[in-house]
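Undergrad: Here it is: the structure, laid out below.
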Amino acid sequence: MRPFFAVGLVFAGCCSNVIFLELLARKHPGCGNIVTFAQFLFIAVEGFLFEADLGRKQPAIPIRYYAVMVTMFFTVSVVNNYALNLNIAMPLHMIFRSGSLIANMVLGIIILKKRYSIFKYTSIALVSVGIFICTFMSAKQVTSQSSLSENDGFQAFAWWLLGIGALTFALLMSARMGIFQETLYKQFGKHSKEALFYNHALPLPGFIFLASDIYDHAVLFNKSELYQVPVVGVAVPIMWFYLLMNIITQTRSLCGTGWAPCLSSLGPSCTQRCGTAWEPQKASLGRRTRRTEASVV
């Protein structure tokens, strides 16, 4: 039953999350930074209360390793959301990011010297063909929609290429982060909830550099039309409602994507996509503290 539950949670969380993200991006295409900040803040506060025990619980994995992971994770999150500003349609954005298995396999072969079965190579090849077809059709759509003049069409296509480059960079960086995280888990044991907290809490100061953009979009959100929230009966600006639902569905999809890689040997780690993995803590604290710090890939 666990695989069906994980798949169901991923579909329910991710699909509903994408719906609210598209509603946000359709109204304000440049709202990626405020969405990222809100997600990070919510998960960091939740982790500080329930995982870090208000800061009293010491991390099982040294902070310096989290600092490396957080740098990669923050970069991936910001680049992924910023790609929506570069003529990347939401369906292409979602399908392109589903190519994480391809990046996992490529970097797993190069860095970890892994080998996979013919069945997995075939599956990845089919996924690659699907992503290529979707990307090709998206490119034709971009040029056709910007056919008012040759210069406008070329400029739109150039921005689209930059967006594809950003998504590709984020995809490879995410896979590299997963390999780094897998190495840490082998060394210190799996601490999925702890990693989820630090991956979202430590990058928060980095949003200072994006404060102006976040504030501008908060003002725009305040000016959106009011929406009567069902059951509660409170009227709030509809953009804030979309953002709240995006955050809630994001936490549900994180739980699902944390389970799913644990069920497949292809995923490099149970929280590569920074989900909360369902993983019983089998190793005792004493055994963990006696582990020596080996080199980390």
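Using N, Cα and C of the backbone, Cβ positions are placed for all residues, glycine too.
From a predicted model like this one, the values you see are computed outputs, not experimental measurements.
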Undergrad: Given the ranges 95-112, 257-274, which one is assigned the annotation transmembrane segment in TrEMBL?
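TA: Checked against TrEMBL: transmembrane segment maps to 95-112.
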Undergrad: To the transmembrane segment (227-244), which of 32-51, 63-83, 119-138 is linked by the most Cβ pairs under 8 Å?
TA: 32-51
Undergrad: Quick one: do the transmembrane segment (32-51) and the transmembrane segment (196-215) reach 3+ CB pairs under 8 Å, ignoring pairs fewer than 6 apart in sequence?
TA: yes
Undergrad: For the transmembrane segment (196-215), name the stretch out of 63-83, 95-112, 158-175 with the most CB-CB pairs under 8 Å.
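TA: Between the stretches 63-83, 95-112, 158-175, 63-83 has the largest tally.
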Undergrad: Residue list, the transmembrane segment (63-83) vs rest of chain: Cβ under 8 Å, 6 or more residues beyond ends.
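TA: Contacts with the transmembrane segment (63-83): 32-33, 35-36, 39-40, 93, 97, 163, 166-167, 169-170, 173-174, 176-177, 180-181, 184, 195, 198-199, 202-203, 206, 210, 274, 296.
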